[in-house]
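Novice: Here it is: the structure, laid out below.
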Amino acid sequence: MKTLLLTLVVVTIVCLDFGHTLICYNYWTPLDKTTECCGNGVTTCFAKSWNDHRGRRTDRGCGCPNVKPGIHLNCCKTDRCNG
């Protein structure tokens, strides 16, 4: 619990600026919830998912990338909306 709190404090300090910086999840598994501060001008977070030989895979991050057919993409515009 202390580690989670410390992580949130560090992310908050890093993301503090005089404008608004979007915060998006960038973790690969539900057990590893990490975030990133998006660059200036980035206004969306994404979550894309697909199936491969290892099962269901999900990738998250800043922006809204183009994806190939067969990949499900969800883009959103609020902090941590891609969880």
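Placement of Cβ uses the backbone N, Cα and C atoms for every residue, glycine included.
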Novice: Among C37, C38, C81, which cysteine does Swiss-Prot link to C62 through a disulfide?
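Specialist: Matching partner in the record: C38.
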Novice: For C24, what is the disulfide-bonded cysteine listed in Swiss-Prot, choosing from C15, C37, C45?
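Specialist: Recorded disulfide partner of C24 in Swiss-Prot: C45.
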Novice: According to the record in Swiss-Prot, which candidate from C37, C64 pairs with C75 in a disulphide?
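Specialist: Swiss-Prot annotates a disulfide bond between C75 and C64.
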Novice: When you check Swiss-Prot, which of C37, C81 turns out to share a disulphide bond with C76?
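Specialist: Answer per the record: C81.
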Novice: What residue among the disulfide-bonded residues C45, C62, C64, C76 has the most other CB atoms lying within 10 A of its CB?
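Specialist: The largest 10 Å Cβ neighbour count belongs to C45.
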Novice: With C62 (disulfide bond) as the reference Cα, tell me which of the disulfide-bonded residues C24, C75, C76, C81 is the closest one.
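Specialist: Considering only the listed disulfide-bonded residues, the nearest one is C24.
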Novice: Quick check for the class: what is the C-alpha distance, in angstrom and rounded, between C64 (disulfide bond) and C45 (disulfide bond)?
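Specialist: Per the Cα atoms, C64 (disulfide bond) and C45 (disulfide bond) stand 6 Å apart.
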